[in-house]
Amino acid sequence: MKSFLLYAVSAVLLMGTSLLAVNDDHDHKEHKLTRAVAVVQPTQKFKTAGVIHLKQKDGKVSITGKVTGLTPGKHGFHIHQYGDLSADDGSSAGGHYAPEGHEHGGPHKAQHHAGDLGNIVADENGVAMIDKQSDDFELSDVIGRAFVVHAGTDDLTSQPSGDAGARAGLAVIGISK
């Protein structure tokens with residue numbers, strides 16, 4: 001009798017947990033990606049930091065945020081091919097994100113790397129506020145890639161990357177709520 005009762009209780013518990021698993025929030029529906037975030041970390045010899053938010057709406061991606069620890073003035077700002085931050089100098093992030101194979105240029109040019117976002121400008125305190133938009137990529141195209149903030153100005157012309165100097169800060173782009 002004891003073993004029958006043990007089997008019966010076990011069966012009820014097993015069925016109950018199965019029902020809980022079915023009702024869990026794993027509906028496997030495709031969810032539209034609309035937000036992402038990237039936390040800026042410094043490369044060696046720099047003190048760059050910040051947070052960048054991305055939001056997709058109506059075919060455009062808005063890019064907003066704040067980067068600190070920069071020298072006053074313009075700094076090249078790009079999305080690079082890889083989200084690999086393992087190299088101290090940021091070189092493991094690869095080159096600019098350029099799925100179409102275009103040459104480097106400013107975001108205002110008809111043909112440029114999709115990751116060419118121009119420059120951000122740091123004030124006298126080394127703080128740059130970011131407020132940009134791009135229709136060159138979808139948010140899902142850049143998840144896992146990296147933002148790179150360069151030490152110098154992107155001249156928007158020089159090949160292959162605008163002569164913007166060292167990589168001062170890096171941030172992997174990740175999915176956000």
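Each residue, glycine too, has its Cβ placed from N, Cα and C.
Please treat TrEMBL annotations as automatic predictions, because they have not gone through curation.
Over in TrEMBL, the protein carries these features:
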- 1-21: signal peptide (SIGNAL)
- 49-173: domain 'Superoxide dismutase copper/zinc binding' (DOMAIN)
- 88-114: region 'Disordered' (REGION)
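Per-residue pLDDT, averaged along the domain 'Superoxide dismutase copper/zinc binding' (49-173), amounts to 87 for this model.
Residues of the domain 'Superoxide dismutase copper/zinc binding' (49-173) grouped by DSSP class, helix first, strand second and coil last, total 7 helix, 53 strand, 65 coil.
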